[in-house]
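Listed features, source Swiss-Prot:
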type: TRANSIT; residues: 1-46; note: transit peptide
type: BINDING; residues: Glu141, Phe142, Ile143; note: ATP binding site
type: ACT_SITE; residues: Asp246; note: active site, proton acceptor
Amino acid sequence: MANVALLSAASPSTSSAAPRLRHVARRRPSRRSACPRSAASRLSIMAALGEDPIRQWILTEGKATKITGVSSIGGGCINSAQCYKTDASSFFVKTNGRIGPSMFEGEALGLKAMYDTNSIRVPLPYKVGSLPTGGSFIIMEFIEFGCSRGDQSALGRKLAEMHKAAKSDKGYGFYVDNTIGSTPQINTWTADWIEFYSKHRLGFQLELITQRFGDSAIYDKGQRLIENMHPLFEGAVMEPCLLHGDLWSGNISSDTNGEPVILDPACYYGHNEAEFGMSWCAGFGGEFYSSYFEVMPKQPGFEKRRDLYLLYHYLNHYNLFGSGYRSSAMSIIDDYLRMLKA
């Protein structure tokens, strides 16, 4: 496991771009979860006790001598988000009063891995830690967003550059398990992509559905697909590329110069085509794909595999939000079983 504590050494003064406002913590609008205790109340308690590790880091490693303001920023119910303004720069802080540092450690490792490719802009993580009142926090770079999601052509090209630049000699997986939304995402290193995707993506989601909803019908059909999907990959050259992992419209923006920004990842090393699994709510258009495939050429059978990668996210949405997503997932499974005559 990589040492997340080392991220604290990446102070704002060593970053290639100074932190900017405004980086918003966002998840899918429909995501439902019990909201954590008010971030403002937690922070005020810590301040009163003089035990605020966020302020301590900002006023030491963050190179600030004074915090000039703290304000809440719109976000979802998984985490709370705050803007810390200082005399040195501004910082984006996410807190969670119920979950320990492991969730943010996974996010920080993913952000740092993407940042190190020098391809597409992501917020640089600075520090992950525990809160004395319970829970955890992550401090990272602020990025001031522009007025739009940016140029689709530039997004496609830079995403492909990231996939091309970052490969793993460990196989498919990641340094730690992380989360996709609030669902655990298992990233055990695996040499073979089909095995990894079968076991740790489709298989894991199907098992969760069975445990939570008792849906043996979708489980049984899903297992038949897993056992028979090898022909979908014939002729494709696959390498373990660094993926954002949760690339939907809420995790895509642009900075004030119009350059694409991606955030809130669920990173792992996987087949590059799996990055398009959230395309059903990402808004990728023709310009995006044309620019992407200029850098990362389209592999034989791409169209046949596209829905296979959508399936993982439909199954996850079934687990997160309930049976409203069941029919979409089952339709994909049934179509593949007919195609494969399985």
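Just so it is clear, glycine is given a Cβ too, placed from its N, Cα and C backbone atoms.
Its own atom aside, the Cβ of Phe142 (ATP binding site) has 22 Cβ atoms within 10 angstroms in the protein chains shown. DSSP assigns the residue listed as 'active site, proton acceptor' to coil, not to a helix or a strand. Around the Cβ of Ile143 (ATP binding site), the number of neighbouring Cβ atoms within 10 Å comes to 25.
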